[in-house]
Amino acid sequence: MSNTVIVFDFDKTIIDCDSDNWVVDELGFTDLFNQLLPTMPWNSLMDKMMMELHSEGVTIEDIEKVLHRIPIHNRIIPAIKSAHALGCDLRIVSDANVFFIQTILKHLGISECFSEINTNPGYVNEEGRLRILPHHDFNKASHGCTICPPNMCKGLIIDRIQNSISEDNNKRFIYLGDGVGDYCPSLRLKERDFMMPRKNFPVWDLICKDPSLIKAEIHAWCDGEELEQILIQLINKILIEENAQFISSDCKLQTLSIPVHESLPKALSVRP
């Protein structure tokens, strides 16, 4: 097992659009969505939209069919499968909802690659309507973060993940994201970690205002092909450093002689 924890945002990171907008647009409810948008928080609006869809006869099966057509770059799935095969701990931290995410991951055949999904709850009630609830119940209390939306602070989620594995100081994080909500967790990463913001998206713009605020190494990406290339390179960089550290600690009382024709493990090549 690798000591690498990889945290993915979902919308515009794993998939190539916003899943909320995709469902609303594909089912023909864009005008109503835009009309209601100024009146309530996004997360509450999506729950309201699911009620409107249900009242107009849209079924859960209709929603699932739309989610099965969601756009995704053809190198994202190989990147996820490669990272999982290399022993990394893959997790999702997303402001979408669990119903959308699980439906898409299952359809793509990559559900088993992820150990944890942190997102807004979503379930089908007894009437057959999809309910979408906030990850943090902001009606009861604020999560206290001024950067993030009221229903979810991704930084607090990263804090929890870091604390849950704090006994293993060798764990290193790679965080991938695109949106404003991905900025807060980028501030929680440590010097040995890596931040992969999507170039020319909101989190990239925020980071560029003052990159010195980010302790982690920053590696920007544009599309799925570049995401795969950089992600696999970083995983292999960590693996090589882990192996070098293991050799150093295991042989500190010995003289290690390596023939000229041998070398430390090389980075794995990535097929185009």
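Backbone N, Cα and C define each Cβ position, glycine as well.
Neighbour list (Asp9 (active site, nucleophile), Cβ cut-off 8 Å, at least 6 residues apart, same chain): Ile92, Val93, Ser94, Leu176, Gly177, Asp178, Gly179, Gly181, Asp182. What TrEMBL records for Asp9 is active site, nucleophile.
In sequence order, Cys17, Asp18, Ser19, Asp20, Ser94, Asp95, Ala96, Asp178, Gly179 are the residues near Asp11 (active site, proton donor), counting only same-chain partners six or more apart with C-beta under 8 A. Taken from TrEMBL, the feature active site, proton donor applies to Asp11.
What TrEMBL records for Asp9, Asp11, Asp178 is Mg(2+) binding site.
If you look up TrEMBL, you'll see Asp20, Asp95 marked as substrate binding site.
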- Task: Report the member of Asp20, Asp95, Asp178 (the binding-site residues) whose C-beta atom has the most other C-beta atoms within 10 angstroms.
- Result: Asp95
- Note on the structure: Near Mg(2+): residues not in Asp9, Asp11, Asp178 with Cβ within 8 Å of the site Cβ centroid are Phe10, Lys12, Thr13, Ile14, Ser94, Gly177, Gly179, Asp182, Arg198, Phe201
